[in-house]
Amino acid sequence: MKPMHIAMALLSAAMFFVLAGVFMGVQLELDGTKLVVDTASDVRWQWVFIGTAVVFFFQLLRPAFQKGLKSVSGPKFILPAIDGSTVKQKLFLVALLVLAVAWPFMVSRGTVDIATLTMIYIILGLGLNVVVGLSGLLVLGYGGFYAIGAYTFALLNHYYGLGFWTCLPIAGLMAAAAGFLLGFPVLRLRGDYLAIVTLGFGEIVRILLLNNTEITGGPNGISQIPKPTLFGLEFSRTAREGGWDTFSNFFGLKYDPSDRVIFLYLVALLLVVLSLFVINRLLRMPLGRAWEALREDEIACRSLGLSPRRIKLTAFTISAAFAGFAGTLFAARQGFVSPESFTFAESAFVLAIVVLGGMGSQFAVILAAILLVVSRELMRDFNEYSMLMLGGLMVLMMIWRPQGLLPMTRPQLKLKNGAAKGEQA
């Protein structure tokens, strides 16, 4: 152990102790008209000391960690991709699908509800992966399309009484239209400028929903959004006025409130499977190759006779449609929508799913969505520090595997050693 490593560990621990002591060790209290600085509870100081110790030992043992991670990180370490190209992978995917269908009947109602939320984020991640991972366009306002889909279902049901299955394609079309219209002003923008424009779009949508109280309800939102039905059969104790019948009464079963949660999960699973099927089919079409060409080099893409303008428009439109479908499912799960559900934090969370999983890989998006959504739900008890913990996890992930958990495998052509030597000679 070199003295320099010990000194760096002590310095890092001291800096952490000072910063954590300021943000967590003290608290402001209102005494009449004055703010009084007071020390925090002993529990918070315990966490400060624990964090200081963790930082010290991490910095002290960091060289050993780096040596150990070299074998399992970096571009040379590529986890096997699962794209269904072989018979074994197809059998594995079928087994996963069967397990996913049977799983909700063996767990609790709350677990199934969390799984449904995970499915929603998987659809969002797959949609954003089209424009960010496959096309190489940075979008920070994806929550705007998400909100359009959710409010389309909520408004059509509130004012016209339309159901889930009727509103699902309409919400997708509305979000796709918004993506198509957004594509025109951002066609010539790239990089940070494109990200800023899309960020502004997401905030504009949220503010419009917040201020238009006569139609959207403003901050109060829209409530009493119905759940999806099975060919008109409702998963409730009694059918609504004008409804056909309930699921339990039609089949002569005992009413179980878990049936509604399980059915919503199966609907979400169906939408995930359809999303994967559509995206994989698009990737095998010339459109998918055009997305990859745009991501690699826009100038080379134009020189090949491809139109970057049309490619961007298709990417924005298709990506927004998936967000609209996810928004409809979110509104059905919650039974209530409000503008506060579609802040920039939601867009950042979906972007984190795509980046941490591995841009361009569908299976990576699924894995990252499961890890991040479940981690966020488990950290509900640390509500004040959940985003801090999530940010720390992202930083560690970027240090360990900046290319993501399962980066997309790209075809490569390499010359053999003999051929390369012959050309050099």
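Just so it is clear, glycine is given a Cβ too, placed from its N, Cα and C backbone atoms.
As written in Swiss-Prot, here are the features:
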TRANSMEM  6-26  transmembrane segment
TRANSMEM  45-65  transmembrane segment
TRANSMEM  92-112  transmembrane segment
TRANSMEM  120-140  transmembrane segment
TRANSMEM  145-165  transmembrane segment
TRANSMEM  167-187  transmembrane segment
TRANSMEM  191-211  transmembrane segment
TRANSMEM  260-280  transmembrane segment
TRANSMEM  311-331  transmembrane segment
TRANSMEM  353-373  transmembrane segment
TRANSMEM  387-407  transmembrane segment
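Scored by C-beta pairs under 8 angstroms, the transmembrane segment (191-211) has its highest count with 145-165, from the stretches 92-112, 145-165, 311-331, 353-373, 387-407.
Counting residues 6+ beyond its ends, the transmembrane segment (311-331) has Cβ neighbours under 8 Å at 116, 119-121, 123-124, 126-128, 130-131, 134-135, 137, 139, 142, 145-154, 164, 167-168, 171-176, 178-180, 182-184, 186-187, 225, 264, 267-268, 271, 275, 282, 287, 290-291, 293-294, 301, 337, 341 in the same chain.
Note on the transmembrane segment (167-187): residues 144-146, 148-150, 152-153, 156-157, 194, 197-198, 201, 308-309, 312-313, 316-325, 327-328 of its chain, located 6 or more positions outside it, place their CB under 8 angstroms from a CB of the stretch.
Same-chain residues lying 6 or more positions outside the transmembrane segment (120-140) and placing a CB less than 8 Å from one of its CB atoms are 146, 190-192, 194-196, 198-199, 202, 268, 271-272, 275-276, 279, 283, 288, 291-292, 294-296, 311-312, 315-316, 318-323, 325-326, 329-330, 333, 344, 347-351, 353-355, 357-362, 365-366, 368-370, 372-373, 408.
Most Cβ pairs under 8 Å with the transmembrane segment (387-407) belong to 353-373, among the candidate stretches 6-26, 45-65, 92-112, 145-165, 353-373. Of the recorded ranges 45-65, 92-112, 145-165, 353-373, the transmembrane segment (6-26) has the largest number of C-beta contacts under 8 angstroms with 45-65. Under 8 Å from some Cβ of the transmembrane segment (145-165) lie the Cβ atoms of residues 124, 127, 171-172, 174-175, 178-179, 205-206, 209, 215-216, 221-222, 224-229, 319-320, 323-328, 330-332, 337, 339, 341-342, 346-347, 350, all in the same chain and six or more residues away from its ends.
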